[in-house]
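Chemist: Below: one structure in structure tokens.
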Amino acid sequence: MTNLLINVDHVGTLRNAREETFPDPVHAAARCEQAGADGIVFHLREDRRHITERDVRLLAETVNGKLDFELSTEEEVVSICCDVVPDLATLVPERREEVTTEGGLDVTASRPRLNAVTDRLYDAGVDQVSLFVDPVPAQIEATAAVGANCVELHTGDFAEASTEAARREEAERLAAAADAAHEAGLRVHAGHGLDYNNFSLFRETVPHVAEVSIGFAVMARAILVGMDQAVRDMRATVANAQP
């Protein structure tokens with residue numbers, strides 16, 4: 001079965017919008033795990049717009065399942081990741097002006113730096129290192145060449161497709177990328193924009209997906225039905241959509 005990791009960034013977004021101490025991403029993570037999540041994802045951005053270093057260290061101490069630390073290659077953030085040693089480190093692109101991550105890494109253009117950071121993460125004791133990339137063959141090949149043992153496929157174009165035909169076309173593109181990643185020996189992860197409505201088509205079409213990261217859809221639903229129910233609903237969606 002595909003593992004479900006819940007991203008708690010937007011709990012921090014809500015907290016920080018009022019410069020409050022609540023809601024707490026650490027408490028939210030515990031509720032997500034209690035409701036059936038296989039693990040927790042967070043992105044420590046350079047500008048600390050949602051998750052803070054305090055959150056990171058408490059999540060590292062309290063999460064019982066898998067912990068996925070999303071990060072750029074910025075030196076301070078890499079050092080923090082090496083210090084807390086998550087189960088998985090996912091390298092992502094980052095621009096201060098973006099609202100959310102807008103696309104995958106250009107691994108082919110950044111191989112020396114990505115190679116150095118990947119090696120450093122392994123040396124620190126991180127078991128899995130993943131690169132977040134668009135479903136493009138050249139990026140899959142470069143991910144393997146850099147030394148990562150996982151790849152996270154960017155599903156944003158699939159999620160944002162305006163027609164059913166376009167969405168199916170993007171699903172097939174993701175399927176080809178997943179096949180290529182599997183052939184290259186990479187563990188396949190996926191995320192960005194996956195939700196209760198589009199996940200079935202995604203999973204029925206795209207093979208080899210060991211793990212998905214879903215955040216915004218779950219947090220938005222939690223406002224209406226509560227965190228426990230939102231996570232349980234997503235857990236059921238993932239379980240029922242196996243190929």
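Placement of Cβ uses the backbone N, Cα and C atoms for every residue, glycine included.
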Chemist: According to Swiss-Prot, R18, G193, G215, F216 bind 3-amino-2-oxopropyl phosphate; which one of N3, N7 is annotated to that same site?
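Modeler: Among the candidates, Swiss-Prot records only N7 at this 3-amino-2-oxopropyl phosphate site.
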Chemist: So, three-state DSSP: helix, strand or coil for F216 (3-amino-2-oxopropyl phosphate binding site)?
Modeler: helix
Chemist: What recorded positions in the list H43, R45, H50, E152 lie within 10 angstroms of N7 (3-amino-2-oxopropyl phosphate binding site), counting C-alpha atoms?
Modeler: H43
Chemist: Look up H50 (1-deoxy-D-xylulose 5-phosphate binding site) in the DSSP assignment and report helix, strand or coil.
Modeler: coil
